[in-house]
Amino acid sequence: MTEMVPAWVEGRLMPVEKLEAHQRGLRHMAISVFVMAGEAVLIQRRAAGKYHTPGLWANTCCTHPRWGEEAADCAVRRLREELGITGLVTVFADRVEYRADVGNGLTEHEVVDIFVAEAPSDLPVNPDPEEVWETRWVDLTDLAREVKEHPERFTPWLRIYLAEHMERIFGKLRVVQ
């Protein structure tokens, strides 16, 4: 099935096939979700079969809204599809734009609506193995340190979020130095 995502072509937002958007480096819409339990964040390691950044650690989940889909609805959908997570309230935290080479001649040039959701630490997680290799809870401070020490283990977008947008995503109480 071809997945059509909202992308800008010659200044106009229109449906574009997802792989084509990455091959051409088109600016396109995306969502990212961070599920938090206190100061811990749920992160995922991307499945080995993903067509870009396989095996790298990323935020809880991220994807592209389908053409015509609202970002908030997309965030809830992908929590369910990727991780089997339901019933959380996702709250819009920020909109971020970035551009990053993700290997294999592909570029992510995303306008990302970022959502945060609070969860209990015993939240049931049931990852789809086609999407997610593994998950883990990690303290936000420890995650920021890990990303600085071993950036090659993490997706470009997670590195960008933590380096450039911590306060805007997590608020003043969760800013890590």
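Placed from the backbone N, Cα and C atoms, the Cβ positions cover glycine too.
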Quiz item: Of the candidates H64, H150, which does Swiss-Prot annotate as part of the Mn(2+) site that also includes H22, H28, E108, E110?
Solution: H64
Quiz item: Which chain neighbours of the Mn(2+) site, leaving out H22, H28, H64, E108, E110, have a Cβ atom within 8 Å of the mean position of the site's Cβ atoms?
Solution: V5, A7, K18, A21, L26, M29, A30, H109
Quiz item: Given the model, what does the mean pLDDT over the domain 'Nudix hydrolase' (26-160) come out as?
Solution: 96
Quiz item: In angstrom units, rounded to an integer, how far apart are the Cα atoms of E110 (active site) and E82 (Mg(2+) binding site)?
Solution: 20
Quiz item: Tell me, how many other CB atoms lie within 10 A of the CB of C62 (active site), whichever protein chain they belong to?
Solution: 24
Exercise. Measuring C-alpha to C-alpha, could you say which of the binding-site residues H22, H28, H64, E108 are within 10 Å of E82 (Mg(2+) binding site)?
Key: none
Quiz item: Which of the three DSSP states, helix, strand or coil, fits H64 (Mn(2+) binding site)?
Solution: coil
